[in-house]
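Participant: Supplied in structure tokens, the structure appears directly below.
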Amino acid sequence: MSNTEKRGFHRVRNMLSCRQVLNLLTMLGFMLNYALRVNLTIAIVDMVVPTETNTTASGNNTLTGNLTDTSSLASSNININNTSTDGVEVLEERFNWDEYQTNFVLGSFFWGYVLTELPGGRLAELIGGVRVFGHSMLWASLLTLVTPLAAHLNYVALIVVRVALGFMLGATWPAIHPVAAVWIPPMDRSKFMSNMMASSLGAAITMPVCGYLISVAGWASVFYLTGGIGLLWSLCWFSFVYETPATHPRISAEERREIEEAIGTSTSKKRPSYVPWSDLLCSPAVWAIIVTHGLSVFGFFTVINQLPTFMSKMLHFDIKKNGLFSSLPYLGKYVMAVASSYLADHLRHKGTLSTTATRKLFTSFALVTPGLLMTAQVFLGMDPTWSVTLFTLALFAHGAVTAGYLGNGLDIAPNFSGTIFGMANSLSSFGGFLSTWMVGVLTFHNQTFHQWQIVFAILATTYISAAVVFVLLGTGELQAWNNPPERKKIGDVAQEEGMPLKTEK
């Protein structure tokens with residue numbers, strides 16, 4: 001490294017600590033994580049031939065290509081001229097997918113997503129969360145860049161790409177817990193975990209930006225932009241983030257000592273080579289996290305996914321006409337996540353509340369509040385103003401889970417926090433499917449407010465039950481099985497030790 005580069009690194013180090021860089025890149029990483037996940041959801045509206053186009057071969061002034069009959073339209077892709085906001089026509093290829101095929105493409109992401117939750121968390125514990133998180137995002141970005149090519153090649157090729165994308169992104173959420181276990185002092189972990197909620201901030205930004213980009217440059221531009229930014233982020237991640245403070249070449253002695261002394265022995269210097277499954281699976285504290293997360297995410301998915309349907313069918317309110325409203329719940333959730341996490345860590349630092357009391361208090365607030373609001377929705381849901389307000393407040397309050405159970409695995413077993421969250425997220429991944437099925441069964445050929453009242457009552461029960469489970473079973477105490485004895489004749493899976501910290505004279 002040249003003297004100029006060294007001086008540059010020293011200037012950066014003086015401006016931002018290594019933990020601040022980690023926090024910033026983690027926040028941006030989860031924003032991108034959501035963008036890479038939902039870009040197709042936004043773009044597919046413009047990728048598929050409109051319904052009215054599928055039903056008629058008329059309107060030759062808007063179609064180019066040979067559209068002699070309905071059968072040719074169903075068997076080949078067509079080009080459609082879209083007029084952008086600048087008045088420039090953008091010639092795009094669109095695909096003749098029916099509603100079933102469209103939903104099949106959208107749902108294929110979850111096939112890969114559910115497969116890597118648990119393995120991703122355990123792999124991060126063994127080889128390091130920085131590697132797993134970084135490589136997952138890198139490959140997801142590359143897959144995003146080839147998505148337009150896959151769509152043009154073949155319908156099946158697009159499905160394969162989306163399954164692979166889900167496979168990569170599924171490992172990211174549990175992988176960040178082992179990163180926090182070695183980099184973030186226990187009393188600051190609530191604040192760090194709020195970075196995961198930057199996915200909500202990503203949603204608030206991605207939807208309007210991608211919508212504008214599609215109108216200007218076409219649907220393929222969405223994938224090129226998000227994939228390109230993902231590659232840039234990956235370059236920064238691998239350049240500035242390291243597995244442990246001990247292996248970071250630019251960390252100051254003071255920062256490293258502060259981190260290592262605060263963490264102490266709660267996170268092992270050598271990664272345990274096996275998971276004490278019997279102790280873990282018999283732990284009420286672990287099941288408190290798993291069950292609470294599953295119920296919580298079920299409620300969240302139901303509100304997010306079914307809100308537009310309820311607004312449209314019952315209130316005759318087109319949520320898409322109000323871009324600000326569609327972004328407000330996501331922005332509110334992120335603001336609550338950050339504010340509640342800072343408050344939680346402040347209360348723990350001051351000794352006002354124990355870790356156990358803090359986790360239970362904020363989990364109760366984050367889940368009981370939406371439960372009560374959904375109860376109010378049962379009685380006030382037919383009023384558009386009340387309905388919009390109640391939904392927005394419910395999502396806003398839900399952001400406080402970052403100060404509650406979301407990072408609780410780091411409290412009870414930092415050495416296995418990736419495995420615990422992988423188990424919890426594997427269960428919760430089915431929440432989206434279950435919520436869609438539930439609403440479909442209740443409202444099939446029966447779109448009445450009475451049926452939606454049943455949905456809201458189920459949501460209220462789900463949220464409040466989740467809080468009750470955590471209050472009864474949850475704890476913030478470090479579990480004895482967090483540091484299991486090594487088995488004989490099994491080689492250690494050593495953590496990178498790095499250079500020993502020099503003591504100051």
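Any Cβ shown, glycine's included, is placed from N, Cα and C.
The model shown is predicted, which means the values in this text are computed figures rather than measured ones.
What TrEMBL records for this protein is below:
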TRANSMEM  21-45  transmembrane segment
DOMAIN    21-478  domain 'Major facilitator superfamily (MFS) profile'
TRANSMEM  132-153  transmembrane segment
TRANSMEM  159-184  transmembrane segment
TRANSMEM  196-215  transmembrane segment
TRANSMEM  221-242  transmembrane segment
TRANSMEM  280-304  transmembrane segment
TRANSMEM  365-382  transmembrane segment
TRANSMEM  388-407  transmembrane segment
TRANSMEM  419-440  transmembrane segment
TRANSMEM  452-473  transmembrane segment
Participant: When you scan the chain for residues with a C-beta under 8 Å from the transmembrane segment (452-473), skipping those not six or more beyond its ends, what do you find?
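Facilitator: Distant Cβ neighbours of the transmembrane segment (452-473) are 284-285, 287-289, 291-292, 295-296, 298-299, 302-303, 306, 310, 314, 359-360, 363-364, 367-368, 370-372, 374-375, 377-378, 381, 404-405, 438-439, 442-443.
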Participant: Do the transmembrane segment (280-304) and the transmembrane segment (221-242) come together with 3 or more C-beta pairs under 8 Å, pairs six or more apart in sequence?
Facilitator: no
Participant: In the same chain, who gets a Cβ under 8 Å from the transmembrane segment (388-407) while lying at least 6 residues past its ends?
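Facilitator: Same-chain contacts beyond the flanks: 177, 180, 189-190, 192-194, 196-197, 200, 288-289, 292-293, 296, 299-300, 303-304, 307, 311, 317, 325, 328-330, 332-337, 340-341, 343-345, 358-367, 369-370, 373-374, 376-377, 380-381, 470, 474.
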Participant: So what's near the transmembrane segment (365-382) in sequence-distant terms, Cβ-Cβ under 8 Å and 6+ beyond its ends?
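Facilitator: Sequence-remote neighbours of the transmembrane segment (365-382) are 292, 296, 299, 303, 310, 314-315, 340, 390-391, 393-395, 397-401, 403-404, 449, 452-453, 456-457, 459-464, 466-467, 470.
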Participant: Determine which recorded stretch among 132-153, 159-184, 196-215, 221-242, 419-440 has the most C-beta pairs below 8 angstroms with the transmembrane segment (21-45).
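Facilitator: Highest pair count goes to 196-215.
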Participant: Looking only at the domain 'Major facilitator superfamily (MFS) profile' (21-478), what is the model's average confidence as pLDDT?
Facilitator: 84
Participant: Who are the long-range neighbours of the transmembrane segment (221-242) in its own chain, taking Cβ under 8 Å and residues 6 or more past its ends?
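Facilitator: That would be 18, 21-22, 25, 28-29, 32, 35-36, 39-40, 42-43, 130, 133-134, 137-138, 140-145, 147-148, 206, 210, 213-214, 248-249.
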Participant: For the transmembrane segment (159-184), give me same-chain residues lying six or more residues beyond its boundaries with a C-beta closer than 8 angstroms to one of its C-beta atoms, as numbers and ranges.
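Facilitator: That would be 18-19, 22, 26, 29-30, 33, 36-37, 40, 104-105, 108-121, 123-125, 128-130, 132-133, 136-137, 139-140, 143-144, 146-147, 150, 192-193, 195-196, 243-245, 259, 263, 267, 407, 409-410, 414-415, 417-422, 425, 429, 495.
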Participant: Apart from its near flanks, which chain residues at least 6 from the ends of the transmembrane segment (132-153) lie with a Cβ under 8 angstroms of it?
Facilitator: 29, 32-33, 36, 39-40, 47, 77, 93, 95, 120, 123-124, 160-162, 164-165, 168-169, 171-172, 175-176, 179, 219-220, 223-224, 226-231, 233-234, 237-238, 241
